[in-house]
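Participant: Okay, here's the structure, questions in a sec.
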Amino acid sequence: GPLKPEITITYIAVSAIFFNSGLSLKTEELTSALMHVKLHLFVQIFTLVFFPTAIWVFLQLLSITPINEWLLKGLQTVGCMPPPVSSAVILTKAVGGNEAAAIFNSAFGSFLGIVITPLLLLLFLGSSSSVPFTSIFSQLFMTVVVPLIIGQIVRRYIKDWLERKKPPFGAISSCVLLMIIYTTFCDTFANPNIDLDKFSLIIIVFIIFSVQMSFMFLTFLFSTRHNSTFTPADTVAIVFCSTHKSLTLGIPMLKIVFAGYEYLSLISVPLLIYHPAQILLGSLLVPTIKSWMVSRQK
């Protein structure tokens, strides 16, 4: 159509999101959190190793149920995603947790995700036959890594102006992301063979909320056990950063790795549900976690 999504979305929109991320990412704030190696290792291993593996094991049990197989594949893609750049940091800050650690793990996880997430997707799901391995990484490099680096370089020269004007980076990324999601769904529902039943969708929503709650509880237990060296503020950062998944990085990556898949939109559905679910659950738990942290600190 007139929007020309094969050019505007695949190249311009995805590049715009990561250029925007490069501009807004305060790398100078990360140095203070750099030395907290144990915390970073815990978050990254949980997010990029334990999470996708646990989901894969769980999906082996669900594969015998009548749930739509493409939605189940979508659940696996959620497990492979890196932590988000914003939501975990915002919630950690709202509680009063270790914000520097949350910023570091969100940023570092996003950089790791550029390399590790496509590998995990290919490992657990395989790629569409039309997209060879090398072209996936060359496109990721040109549309994700290069804009991110350029954004960081530009930020160095206009940092004072950015601090003074505070451009609405979040709103810009959200608008571009909305356009990407819109075209993804247009591609899917233009296909007459798509069959999405309500039962599968309801079950997937229930599973997503259950997974979120279970993993938040699990990370909380691990980081507060007796021989743990984490402070209550560290625990807050761990709980949010380990269990949250990036929609901003996820949707563009799925479009690259599964280019040409007629079921791309169904694969995207669980990630589109997971993102608002993590913000909703996190927001509801903020007062409870805050009162726990204050009492522990006293």
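Glycine is treated like the rest: Cβ placed from N, Cα and C.
Predicted automatically and left uncurated, TrEMBL annotations should be read as such.
Reproduced below are the annotations present in TrEMBL:
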| type | residues | note |
| --- | --- | --- |
| TRANSMEM | 6-25 | transmembrane segment |
| TRANSMEM | 37-58 | transmembrane segment |
| TRANSMEM | 103-124 | transmembrane segment |
| TRANSMEM | 136-157 | transmembrane segment |
| TRANSMEM | 169-190 | transmembrane segment |
| TRANSMEM | 202-223 | transmembrane segment |
| TRANSMEM | 235-257 | transmembrane segment |
| TRANSMEM | 263-286 | transmembrane segment |
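Buried or exposed, and what's around them? Tell me for each listed feature.
Facilitator: Same-chain residues lying 6+ beyond the ends of the transmembrane segment (202-223) with a Cβ under 8 Å from its Cβ atoms: 42, 46, 51, 55, 58, 62, 67-68, 71, 74-75, 78, 230, 234-235, 238-239, 242-243, 269-270, 273-274, 277-278, 281, 285.
Panel annotation: around the transmembrane segment (235-257), residues 9-10, 13-14, 17-18, 21, 39, 42-43, 46-47, 51, 77-78, 81-88, 91-92, 95-99, 101-102, 105-106, 109-110, 113-114, 117-118, 121-122, 127-128, 131, 136, 139-140, 143-144, 173, 177, 180-181, 184, 212, 215-216, 219-220, 222-224, 264, 267-268, 271-272, 274-275, 278, 282, 289, 293 of the same chain, lying at least six beyond its termini, place a Cβ under 8 Å from a Cβ of the stretch.
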Participant: Checking distant contacts: for the transmembrane segment (37-58), what same-chain residues at least six beyond its ends satisfy Cβ-Cβ under 8 A?
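Facilitator: Distant contacts of the transmembrane segment (37-58): 75-76, 78-80, 82-83, 98, 101, 104-105, 108-109, 112-113, 116-117, 120, 124, 211, 215, 219, 222-223, 229-230, 234, 237-238, 241-243.
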